[in-house]
Amino acid sequence: MQEAGVPGSPSRERVTVFASKRARASLPRRIYLYRSLGMGLGALVIAMVLLELQAGPLRWALCIFTGLAWPHLAYQWSRRSAAPFRAEQRNLVIDSAIAALWVPLMHFNLLPSVLLMALSAADKMNTDIPGLVQRTLLPSLLALLAGGLATGFAFEPHSSTAVILACLPMMLIHTLMVGLGRLQLVRKVLQKNRELDLLSRTDVVTGLVLRGHWERGAVATLHDVHAQSRPAALVLIDMDGFKLVNDRHGHIAGDALLRKAGAVLRSVLRPGDIAGRYGGDEFAVVCPDTGLDEATAMAEAYRAAMEGIALTQAPDHAHSVSIGIARARANHARIEDWINAADKALYEAKRRGRNCLVVASEPQGASTT
Ligand SMILES: Nc1nc2c(ncn2[C@@H]2O[C@H](COP(=O)(O)OP(=O)(O)OP(=O)(O)O)[C@@H](O)[C@H]2O)c(=O)[nH]1
């Protein structure tokens, strides 16, 4: 059996929807509905052909078994098995053999034969179980031969209008059901992709974006500043005495403080602001379309909020942050120039005794762009 994640399997790198144990265990239940519907509608088609062929009781009994008994029997068989995933694959192979058996038993009536074989193969493909379609080939061929020998390979390919009409529900309902199932799968995959994308951009401790992603936002903002003469501000934040929390109360307390600092920062951001974790205890916020006054107000709100926080893990610690702010200028050719300007202001805030905010000084004759 070729299955993702099975040691020694030749297709270990093939990723299928059955990568998880839960997905494998639920296969019989998920197939049950499809099989009941498919076999039920298939039996309707077969019954119409049998009616026209004036078939004997044996074929009618087999038709009733196919449409009504087999789906439930198959479900119970795999559900009670010690290995339901493997058992269900055996049932799927039997499904194909049953479909193939009916081709000669219907005297090769063209439309129902093609329909049964095509839908049966499509169902196998839809399971996404590697190699399943190939495994159905030999049993299907043997079933076809057995049915052919039983009927002397009687050949009546013409499909009457009644048979064509009987095929319609199967074509329509089956196709819609499979389409719906695929749609659900695609939606699930898209949702998971969005979650993964968010995870790959987010710092798990602070909930802020990671530095690389933040830098991309900052570069795009600086580009807009130069290209469209739009204002922007950059805020660099460093926690004061953070190392002390680690040293005195342990890294778990340090992490709790970072988590809190991230949450408080997110609460003061304005729409459009991009806040990232710049380093260990350093955060950076780029504020597109923002003048210095607005950015300073936001940063001051953060400074004041951080001064007021209480942390049970470090009750004696006086929490505060130092902040440097720089507006984007024409001579900031690269993002590093802009960051350096904010960094110098941050250094100045530290030098002034921490827990304060400093705006980068403007060189003589400086303009935005
Ligand atoms: N708990 C925890 N500590 C971290 C993490 N990342 C970095 N650190 C620690 O943060 C500390 C930062 O130290 P400093 O840069 O001296 O910061 P500080 O103590 O705030 O010093 P000042 O900025 O001068 O006030 C270092 O001890 C790092 O080991 C993290 O994810 N969790």
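Cβ from N, Cα, C; glycine included.
TrEMBL entries are annotated by machine, without manual review.
The model shown is predicted, which means the values in this text are computed figures rather than measured ones.
What TrEMBL records for this protein:
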DOMAIN    230-362  domain 'GGDEF'
TRANSMEM  32-51  transmembrane segment
TRANSMEM  57-75  transmembrane segment
TRANSMEM  96-117  transmembrane segment
TRANSMEM  137-155  transmembrane segment
TRANSMEM  162-183  transmembrane segment
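Under DSSP, the residues of the domain 'GGDEF' (230-362) split into helix, strand and coil as follows: 59 helix, 29 strand, 45 coil. Sequence-distant residue pairs (6 or more apart) of the transmembrane segment (162-183) and the transmembrane segment (32-51) include at least 3 whose Cβ atoms are under 8 Å, placing the two stretches in contact. The list of residues near the transmembrane segment (57-75) in space but at least 6 beyond its ends in sequence, with Cβ under 8 angstroms from a Cβ of it, reads 28-29, 31-32, 35-36, 39-40, 42-44, 46-47, 50, 88, 91, 94-95, 98, 102, 105. Regional average pLDDT for the domain 'GGDEF' (230-362) in the model is 96.
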